[in-house]
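Pulled from TrEMBL:
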- 1-37: region 'Disordered' (REGION)
- 1-24: compositional bias 'Polar residues' (COMPBIAS)
- 26-37: compositional bias 'Low complexity' (COMPBIAS)
- 96-158: domain 'CTLH' (DOMAIN)
- 278-319: repeat 'WD' (REPEAT)
- 510-536: repeat 'WD' (REPEAT)
- 537-569: repeat 'WD' (REPEAT)
- 589-611: region 'Disordered' (REGION)
- 589-608: compositional bias 'Low complexity' (COMPBIAS)
Amino acid sequence: MLNDNNNLNGTMSTASPMDSTSYDMNGHNNNGQQQDGEVNNDVVAATNGESSAHRKVVKLDKTNQEIVRLIGQHLKNIGLERSAEALMQESGCCLEHPSATKFRKHVLSGDWTKADHDLQELQTMVDPKADRAGMSEMKFLLLEQKYLEFLEEGRPIDALHVLRNELTPLQHNTPRVHQLSSYMMCTNNQELYQRANWDGKGVKSRTRLMDRLQSYLPATVMLPPRRLRTLLAQSVEMQTERCQCHDMAWSTNIDNVSLLVDHNCSSEGFPMQALHVLNDHSDEVWFCKFSPNGLRLATGSKDNTVIVWEVDPVKLILKNKRTFDGHTYGVSFIAWSPDSKYFIVCGPEDCPDLWIWDVEQEKLITKVSHSTDDSLTCAAFNKDGTRFVTGGTRGQFYLVDLDGTVHDNWEGVRVNGLAFRSDNKTILAADTHYRIRGYSFDNPRTDYNIVQEQCPIMTFSVNSADRLALLNISSQGLHLWDLQDKCLVRRFQGVTQGNYTIYSCFGGVNESFVASGSEDNKVYIWHIRREEPLATLVGHTRTVNCVSWNPVYPSLLASASDDGTVRIWGPKQPQLAWAASSNNGDSASIASTSSTASSSSTASSASSGTNNDLISNSSWNIT
């Protein structure tokens with residue numbers, strides 16, 4: 001980056017005849033006598049009229065020199081000029097090369113002739129081969145500002161001279177030159193400002209110009225604009241990326257977080273502990289689903305019943321259960337209407353029937369049974385709740401009104417998952433060809449491929465933004481797809497997925513997390529940006545078939561299992577930290593999770609007689 005005038009130690013001599021002092025790569029006063037990283041504070045003391053005997057010699061290494069320069073630049077940016085000067089004097093550092101200081105002064109004052117001379121002087125400090133294009137761009141930017149200011153001042157002849165005799169001969173950015181020439185036709189300054197996207201002559205536009213010019217100079221000559229602020233912003237961004245419980249809707253930046261501590265969203269309110277174990281079903285529980293308003297939970301079982309619970313979001317309890325029965329094949333799927341008044345019940349693969357219930361009146365609205373050859377195993381309401389789509393693996397799916405009237409159908413598609421898109425027209429269907437396709441019943445009908453996997457898609461769900469899809473893939477686990485870009489985003493680790501039908505979901509605050517059941521009897525939770533599990537919920541004794549995260553009260557999560565239970569997971573509360581002992585003296589303890597940002601969960605100790613409603617010891621770590 002340095003020219004031939006630089007010596008082998010990386011020092012460079014200023015080209016200014018006004019200053020014969022040499023500066024090292026950090027703009028540090030060298031004079032050819034000091035070792036790298038040393039500051040001659042005697043010289044500084046003498047400059048301040050003080051005896052060197054009364055001044056302590058400070059030796060700054062390269063890193064500290066750079067830190068001082070960053071602080072000095074920031075102090076100047078916020079208007080603390082004298083503080084910056086005092087810092088530079090005491091440290092013996094130089095904020096920037098003297099030639100760069102002159103260049104800045106002349107640009108901000110609009111002295112374009114001197115600024116051009118300074119630029120030629122700075123050019124000797126830049127490797128001409130590596131930065132030739134950069135120097136040409138700097139000269140072009142200077143002349144562009146000069147040209148626009150002439151136009152604003154009503155000096156078209158001078159502006160035309162700059163355009164023809166200075167800008168054009170550069171043979172740089174010709175399209176921009178043509179664009180600049182068109183500004184000659186502006187009838188007033190307001191039109192010029194608008195067309196050129198320019199603030200007009202003055203400190204604001206020249207400061208912006210200086211910021212652009214700085215980016216082309218080595219940091220050893222002139223620091224990039226607002227460098228300290230840029231580094232801090234990068235640090236906040238990195239901490240956000242590492243925050244395991246981060247709320248995706250919170251756009252963290254340097255202005256809305258504290259710089260005094262590391263950013264880390266608290267785990268307080270996260271569903272980490274089993275609050276309730278529901279044993280009301282008499283057989284395997286295949287499905288569970290919170291209603292869209294978050295105030296009900298429906299659970300379906302092999303015992304042919306659906307139980308709907310009322311959710312108390314304050315006490316985090318479930319009460320006033322209602323039982324809906326008569327589903328002769330068992331209940332393997334439930335779909336709520338958007339207004340939470342109705343729900344659809346589907347059975348397993350050999351079930352040709354579908355039930356629509358009114359939950360408030362506790363009555364059956366209709367039973368759909370189009371053909372005994374059908375397999376109605378899944379369903380999805382449209383966004384306004386007026387229709388739904390249903391189908392199965394026998395080779396068709398139907399568009400149906402709430403009264404059970406079949407409005408339309410699509411033949412030849414073996415379906416094992418359905419969803420309505422936000423346009424209220426397009427239907428997503430996972431089929432037996434390991435893909436998800438989009439279907440539209442509009443005239444003419446259209447269908448197109450969106451997702452293609454290598455193994456069977458057992459189930460899928462779509463987030464509320466209609467952008468991402470969670471797929472439970474046979475023998476591979478949980479995959480996250482971007483429906484808009486039609487690409488695989490992430491493969492989540494940890495979950496055991498064989499050939500069982502397991503349902504996953506989006507959830508948590510602003511759907512920043514995903515959860516899934518697993519054949520290893522556990523519930524896994526991930527942050528949507530990370531492949532490794534954020535938490536593992538332990539308690540079920542057989543396969544966890546389905547999980548549902550409350551869409552309104554994100555501290556509640558439900559899981560349904562072949563062990564015949566439904567577990568409701570909620571936040572760990574410090575005041576409820578407990579130690580349970582069995583009759584033979586075996587015990588288990590769970591430590592409360594601190595809400596401070598830097599906390600980590602403490603490992604729980606357990607013996608053979610332990611209560612199993614615990615978080616896996618090794619799975620929750622906040623770093």
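Each Cβ is built from the backbone N, Cα and C atoms, and glycine gets one as well.
Taking Cβ pairs closer than 8 Å, the repeat 'WD' (278-319) reaches residues 325-340, 343, 345, 348, 357, 359, 501, 503, 542, 545-553, 555-556, 558-568, 570-571 in its own chain, all 6 or more past its ends.
Residue counts of the repeat 'WD' (510-536) by helix, strand and coil are 2 helix, 12 strand, 13 coil (DSSP-based). Averaged over the domain 'CTLH' (96-158), the predicted model reaches a pLDDT of 89.
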